[in-house]
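Engineer: Okay, handing you the structure first.
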C-alpha cells in the first residue's frame, strides 16, 4: 500500500511544466448533486477545480478546455447536461466560459477565441466511447491540447477515454492541483502517519470493504466498525441480529478479519449497543438495546449512545484518523445521531483527519463539521480503492518526476 502511494506521489503536476502559450485540456470532476429543478446542492467539486483552472489562466495558457461527466446518462439527456453548472462555474471563476455541445465544435471555437479563453465541453458521457476507453475518442481529445491535466480525483479509478486513454496520446500529461492534494493528503495518513492511526469504517456492506479491511491492517493501529456492515461482524461473534442487514456468506470472512487483526495487534471495536426499529422509513417503535439483544423482528439502524461513548474514547486517543462510511442510516433523522456525534468528536480532536468521499463527506457536511476536518476527499470510489492499496489508473498514465 505505502509503495503504491509513494509511486503516485511522484506524478508530475502542472507546477512542473511550462503552460504559457499552450493549449490545455483539463479533466475536471463536475459530477455534483442537483435537485429536481437543477439547483446545485453541493458545489464542492467545482470549487476544488478552480485553483487548477486559475493556475492555467494566470500562467498564460492559450486555451483551456474543461471535460467532465455528470451522472450516469444513457446517451444524450438534458437532465445530465453540463449547461446546468455553467453559471455556477462562471461565478466561481469570475469570468465567462464558452459552452460547446460537441467535440467537433471545440476546434472551430478555439480558433476564433482570444488567449486564456475557457471552454466547457458538454457531458463527456454523452459520447458512447467514453466509458469504453475508445481509442478514437481518446485521440480526438488529445488533439485538442498540448498539455493534458487530470484533476478529477473522483473519476481517477476509472479507465475511461477522458481519464486514461487520452493521456496515451497527449504530448504532455500531468496532475492538476486537486489530484496532487488528494494523493498527498492520503499519503500523510497512510505512508507517514502520526500514530496511533485509527480507521473508522461503516456503510451498509462488508462486501465493499473486505479488501480495505484486509489490506489496511499493516497500516493502522485501531479500527472502529459501525453501520450495517458491523452486523455481519457481530453475527460472526454469535449474535442474533434479527432483521438487521447481514451478509451471511461473508460471516466467515468477518471472523477471519477479526482473527487476523488480533494476530497483527490491531484492536477492532464493534458497537456495544444499537438503535433498532421495526421499520426505518415509518417506525412504530425505536429502541436502544445491547448489540446482542436486538428484539425479534427489529433491525439495527444506528449505533447506540454507549457505542458513541466507547468510539469517542478511541478517537480521542489517536493522532491520525481515516473515516470511510457512516455509522447508521444518517439520512433519516432518527438514525443520524451516531454518525453526527462521532463527527463532532473527530472535529474536536487535534488529530489529522482524512474523510473518504461520497456518503461520509455528505454525512460530515450534514453534521456541520465539513470545515473542521483536516482533509475531505472529493472521491468516493476512488478514495476507497486508494485505501485498498490500489494504484489508481489515472496515475498510471501520467508522467513521473
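Placement of Cβ uses the backbone N, Cα and C atoms for every residue, glycine included.
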Engineer: Since Swiss-Prot lists 29, 30, 31, 45, 69, 70, 71, 72, 158 for substrate, which candidate among 95, 125, 243, 316 does it give for that site as well?
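Structural biologist: Answer per Swiss-Prot: 125.
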Engineer: Taking 10 A as the limit, how many CB atoms besides its own sit near the CB of residue 125 (substrate binding site)?
Structural biologist: 22
Engineer: Please identify which of 29, 331, 359 has the densest Cβ environment, defined as other Cβ atoms within 10 Å, among these binding-site residues.
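Structural biologist: Counting every other Cβ within 10 Å of each candidate, the maximum falls on 29.
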Engineer: Sort residue 125 (substrate binding site) into helix, strand or coil using the DSSP assignment.
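Structural biologist: For residue 125 (substrate binding site) - judged by DSSP and reduced to three states - the answer is helix.
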Engineer: Which of 31, 360 (the binding-site residues) has the most other Cβ atoms within 10 Å?
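Structural biologist: Output for this query is 360.
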Engineer: I need the most crowded of these binding-site residues: 71, 358. Count other C-beta atoms within 10 angstroms of each C-beta and give me the top one.
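Structural biologist: Per the Cβ count, the most surrounded site is 358.
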